[in-house]
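Some notes on the structure that comes next.
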Amino acid sequence: MDLRRRNPSLTRRISHAIDEVKTAENNALEYVKTLTWYQLEEWQKDNEYIVQGYRRAQNNWKGCFHSIFGYLHNETVNIHSHLWGAVLFLVLFFSSQLYVMARYPTATWVDSTMFSVFIISAVVCLTSSSFYHMAGCHSERVARRCHALDYSGIVVLIVGSFFPAVYYAFFCEPVLQGTYLSGAAFIVLNPEYSKPTHRGARTKVFIALGLSAVVPLSHALLTHGLGTLREEMGVHFVVLSGALYIFGAVL
């Protein structure tokens, strides 16, 4: 006769013990939410100098979103610094449209658009980066796509920040203005710039994009002079932003 049929209480005890083991295992996984570098799956490994604080591969969106506020890990600062930065620029966008532009009656819709392009590009970049850092633990396929999203957002910000500068540098020269702005738009819309590549190649692309403003700036400097560029387009801020882009790429 089958042992389980002769002793049903034994079957219940075994089943109960299995359930307890599974519960204990789930509780342990819930308690130890982060992993070390050596416990990661291969697709999760990117920087060997960060040795702990990694999230487990979630394979679901609930776990990814839970990691935003649910517990601390090595992407917590990245998620929140980009997330609240995006919120800040979104507030800046609406305030600039409602209050700042209203203070200048000579400002046209084109002026508003140029500033909006820059601010919205910052929102796109920061939102994309926050989403990438949040969803990077989902799965290999999702992480790869979010990596491309993050990369594209950075390109959008770098190029978008040139729009106001080029617009005011060549304010009275619509042909040159259109030429440089069209070139910047081409970079953003070109799918080649949205491909996540090796870290070294990415760094070179970001540096090249940061230096791409040198051409229109040099042109404007030769035709209008430094004083005009400082007064009409804030060239010192453009140079500073380019330097920061390059510093961020190298870092």
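Cβ coordinates come from backbone N, Cα and C, glycine included.
Marked as Zn(2+) binding site by TrEMBL: H133. Annotation source TrEMBL lists transmembrane segment at 83-102, 114-136, 148-169, 175-193, 205-227, 233-250.
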List of residues, in chain order, with Cβ under 8 A from that of the residue listed as 'Zn(2+) binding site' and at least 6 apart: E75, N78, I79, H82, D150
Output the single range from 83-102, 114-136, 233-250 maximising the number of Cβ pairs under 8 Å to the transmembrane segment (148-169). 114-136
The residue listed as 'Zn(2+) binding site' - helix vs strand vs coil (DSSP): helix
